[in-house]
Each structure stands twice: as structure tokens, then as C-alpha cells.
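As given in Swiss-Prot:
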type	residues	note
SITE	Thr44	site 'Part of a proton relay during catalysis'
BINDING	Thr45, Ile202	pyruvate binding site
SITE	Tyr105	site 'Part of a proton relay during catalysis'
ACT_SITE	Tyr131	active site, proton donor/acceptor
ACT_SITE	Lys159	active site, schiff-base intermediate with substrate
Amino acid sequence: MFEGVLPALITPFTKDDTIDRTGLIKNIEFAENGKVTGVVVCGTTGESATLSTAEHMEVIDIAVECANVPVVAGTGSNNTAEAVELTKHAEEAGASGALVISPYYNKPNKAGLISHFRTIAEAVEIPIVLYNVPSRTGQDISLEVITELAKIDNIVGIKEASGNLDKASQIIENTMDEDFKVTSGDDGLTLPIMSIGGCGVISVVANIVPDRMSRLVNAFNEGDTATAQQLHYEIAPLIRALFTETNPVPIKRAMNLVGLNAGHLRPPLAPISAENNKLLANCLKELGCLQ
């Protein structure tokens, strides 16, 4: 379920600033046509920080209802009780698993982190994937904590987005005795992480080129490293352009440019700069996504 390519879907909004149900369904269909293995909703790319609890649940419900691939629901919070509530809802809605970010801002110690994730895992039966993205949370989940959490039956993997390939390697090394998967949280590190035993990527760029990212991962898994490398370098400029500003600012703009369903950003996020918009458009043209 957590192997292969899972796009971290954006959350499209209507002009009235409500969830664009039709747009979300179309985006899921577009991803599925690109042969992704699953989809992730309500993550960083999905602007979960500015979704109300009701909206969060609504997005999960829509995705589970319409998707033909496994749905992984972002259910993290810096409030343990809220994370439990969201994860329980994901399970009841029929999500295949939950992606749980480390508590942001609070910065709990080792005992607090372990207790937080254990409490969430014990409240449900669906698989849990940890989400480590210190650039957004302000705290890097330590190798010691990850190794301990990997022993919990339904904590089955981690989205590793620290950008530290050596740390990803150590996580894989330390959890070899557990059925624990490491997936890349950085599009540009997908191929390097897979080369050391990672299982795929939870991807931003797959919102717009799901087929290319799926082909990259499949080529590597089939032993065709030359094709995987070719695809890596083919989409690398777009990946860099998607992170010239805070995610999901560039990816939403890119999707709107090529006619996909993204809608606006919720404040305090603001539209992309003219300079970065030009760079993004040029990258899309180079890939044939934009005329």
C-alpha cells in the first residue's frame, strides 16, 4: 500500500473557498491514469494546516468514495487528541492507512513523541506511516525514536523528508528486523533512497506528471536503472521549480497553468512571484505539459 508512487494531492478550493469536490475527484482520476499506486490527502501539499476538522474529514470521505487505489489520509496534529480523532475518522471512512506528522511547534521530548504516536496507533487498526519533515515541524524525529516506534505492530513505515540520505540509510538499517518501509518525502531523492532500500515516494510532482514518476519507480524496481536515471534527470528541473517557494504554492500554480483543478491558495499563503512563475512555466513547456 505504501510502496510505489503516491501523489500528495493538493486540496482544490472553489471560488467560495469551499472544498471543490468535483475538482478533487478529477485530480484523483488524473493521478490514477498515471498508474500511481495510491493517493495521499490532507498532507502538507493538501494545505491541511488551513483545513477545518470538518473539511479535513470531508476531503478524506470524498477520496475514499471515488478512488480506485488505496487512500492514505493525513491525520497528524500537534494535539494528540485531535490526531486520534482524525485517524479514527479515516479508519471509519475506509482509508487504507494514515500518514501522521510529528507534532509541530510543541517540540516534545523523546518520551512525548513515543507516547503521541503510540496513542494514535493504539486507537485504530489501520496502518500508520510516520511523517518526518523537520523543515516544516521544527523537530527532526530521532533515529532512536523511529527505531522504537517501528516495533509497534501497525506503525509500518515512515515518509522521510529530512533530506538526509544518511539518516534514511540508518533507518532502513535499524529496522531491517521489522516489516517497516521507508518512502521518500522528497521527489528529488526518490531514486537515491530506493537505491538503498526505500520503497517509493509520496510525491508532489506526481500531481502533474504521475506517469513519469510511476515509470521512474517501476523502471528501478525492474532493474532498468538507465531508464530510471533518465526519468530522474528529465523531471529534476520541474522538481526544483516546485520548491522555489513554499509548497504547495508552486504546484498549485503549475496545475492551474496546465488546466488541472487546483483553485486558489488559502491565506497566509500568497501567489507565486512573477520570476518563479516564469521558471515554472518554462519547465512545464520543456516537459511538454504546457504549450
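The count begins at 1 with the first shown residue.
Cβ atoms here come from the backbone N, Cα and C positions, even for glycine.
In this structure, the recorded positions Thr44, Thr45, Tyr131, Lys159 were compared by how many other Cβ atoms lie within 10 Å of their Cβ, and the smallest count belongs to Thr45. In sequence order, Asn78, Thr137, Gly138 make up the list of same-chain residues 6 or more apart from Tyr105 (site 'Part of a proton relay during catalysis') whose Cβ falls under 8 Å from its Cβ. Around the Cβ of Ile202 (pyruvate binding site), the same chain contributes Leu6, Pro7, Ala8, Val40, Gly43, Val72, Leu99, Lys159, Thr183, Ser184, Gly185, each under 8 angstroms and 6 or more positions distant in sequence. DSSP gives Lys159 (active site, schiff-base intermediate with substrate) a strand state. Cα to Cα, Thr44 (site 'Part of a proton relay during catalysis') and Tyr131 (active site, proton donor/acceptor) are separated by 10 Å.
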